[in-house]
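As recorded in TrEMBL:
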DOMAIN    10-88  domain 'GST N-terminal'
DOMAIN    84-212  domain 'GST C-terminal'
DOMAIN    228-306  domain 'GST N-terminal'
DOMAIN    284-430  domain 'GST C-terminal'
DOMAIN    481-559  domain 'GST N-terminal'
DOMAIN    537-683  domain 'GST C-terminal'
Amino acid sequence: MALEAAVKAAVGAPDLIGDCPFSHRVLLTLEEKKLCYEVHLINLSDKPSWFLEVSPGGKVPVVKFDDKWVSDSDVIVGILEEKYPEPSLVTPPELSSVGSKIFDAFVKFLKSKDANDGSEQALLEELKAFDEHLKAHGPYVAGDKVTAVDLSLAPKLYHLDVALSHFKNWSIPKELASLIAYKELIFARESFVKTKAEPKYVIAGWEPKFPSCSIDQKMAIEVAVKAAVGAPNVIGDCPFSQRVLLTLEEKKVPYKLHLINLSDKPIWFLEVSPEGKVPVVKFDDKWVSDSDVIVGILEEKYPEPSLVSPPEFSSVGSKINGAFVKMLKSKDPNDGSELALLEELKALDEHLKAHGPYVAGEKVTAVDLSLAPKLYNLDIALGHFKKWIFPVNLNSLSKYKELLFARESFMKTKVAPEHVISGWEPKVNAAAEPVISDSEPKVNAAAEPVISDSEPKANAVAEHVVSDSEPKAIEVAVKAAVGALDVIGDCPFAQRVLLTLEEKKVPYKWHLIDLSDKPSWFLEVSPEGKVPVAKIDDKWVPDSDVIVGILEEKYPKPILATPPEFSSVGSKISGAFVKFLKSKDPNDGSEQALLEELKALNEHLNAHGPYVAGEKVTAVDLSLAPKLYHLDVALGHFKKWIFPENLTSLSKYKELLFARESFVKTKAAPEHVISGWEAKVNAA
């Protein structure tokens, strides 16, 4: 019997969760306790009659317990804790009021018109006090475990971030490091990602309450950029448009966005941009095209913060985009286009080693804002169309991308992966030269001018076709990453199946399944909701052991069968790893038990390696590889545990496995392994 919860619907989007932090608190509690519930989204400007009967005051949230509707988030959360005590979310009484004054201080500052009224300072004092508490007691308010007070604060801090950034161009000071780390932890939790309102709906919710806080649209710069293919109300895949938006965001310049359908350009747009090019920006009643020119004018008109790149660094990485496009459109794997791209990426990596973390050192500059969208397009397009994985040995460049992609300016202006793919698809399929310039003549979407700086969500189920040349690719359903539904998740059994398909060069199509919201078609083919499942000869088959066995039988070359005497080598490692990972007692012997299993595998490899059965990789290696990867990532993160250096044969074995092309293509990113284990570790 699912609980029923009535919460606020988004302003202007009645089928999406709205911006009420108290509703969000209740949903977070339901999610953290893994309770089944049904959401009723209430349009507060047109409340349905049934809702007014159960909530005469018209307030949200309200939750139905035992045929009785209960209001007030404090009361609701208390009842949930009493009725569903596991996992416990009770906050120790002495910590229950931590951070309780932040929200009021935020609201006062938000609505303030007087820069000298002390409201900003009052908010800073509350945030500093909270930061000090977290330094002493964190990472959460009550220590290592999330409790009710965190679930109350999380939505309020989210509103603070979004609303003050939009209306005041204000952000939490970087020196409040413990608070910033706390926000990152909370906002990354699966429960939060699933229940948060999109930033634009938080803004829309606050705007009518404090219209005086709204940006004066007469003062806002107007920017025309590409709309997404098939999604006219979101930003499209032009890296030059994003470069301009990144510059505006970094300089905190207010702007109004016009999303342009480049295949059916509106008349007003053609009047201001006769060649139909994007981006174009309106400065002092004059529309200006070309991202280089636009960025130059922005630097001149808004010199603070300076984004000028030192002249000697202004061309760093400038050949990457051309090399990427050539490889993307290439039909010949031996034409040298991949090698040419790798050379350009290596050159940037070497530069960053010497001068990083950014191109010009510690500070982001214009050259970084030009490179960021191009590297993002590279990652997504080559990953999708070429099944190409960014080289793991380019450590400085990988870190550079992480830094850029995590910047608030990038998060607010990036294009959803599916829109990057749809933008490239007709060019790649046509084997034509993609036009990558400020004049991109592509897209089919219709849009009206909108003010928007939010990003769209990825689809709940993503597909990836590994080979279009085979008429009958095997279909495989695998776990999607927690909070990143368009990339592979952290299931080692799913990866085992993908490794087998890759090693046997069998064409396949994957379906990425959100295990927290399983699609109906998936539950029909996998009634227990488990992954992996593979469709072989029109029949869906579960269980990685069974799937791998069938693949070996149907596709005997190359042989991956493990000699029977070696088939159970290392089989106890995963169980020992999990016990140690979940252990709270350093003296319970779980670490020693894991070490014994690892030593046994190391001894076996000393005698029989480099792989379990000798010189050739076999099925047992493909089973062990994902588990050892999880062991490395999860124990390193949650236990600060380092793999023993004296297990040299096992260390070499891991290096061999993790460097195989099949593994690089199918592994989950470390952050997704961590997010997958987090709930289990915290519940232990």
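Quick reminder: no glycine exception, Cβ is built from N, Cα and C everywhere.
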Original post:
What average pLDDT does the predicted model assign to the domain 'GST N-terminal' (228-306)?
Top reply: 88
**OP:** Kindly report the helix/strand/coil residue split of the domain 'GST C-terminal' (537-683) according to DSSP, in that order.
**Re:** 95 helix, 6 strand, 46 coil
**OP:** May I have the DSSP-based helix, strand and coil counts for the residues of the domain 'GST N-terminal' (10-88)?
**Re:** 29 helix, 20 strand, 30 coil
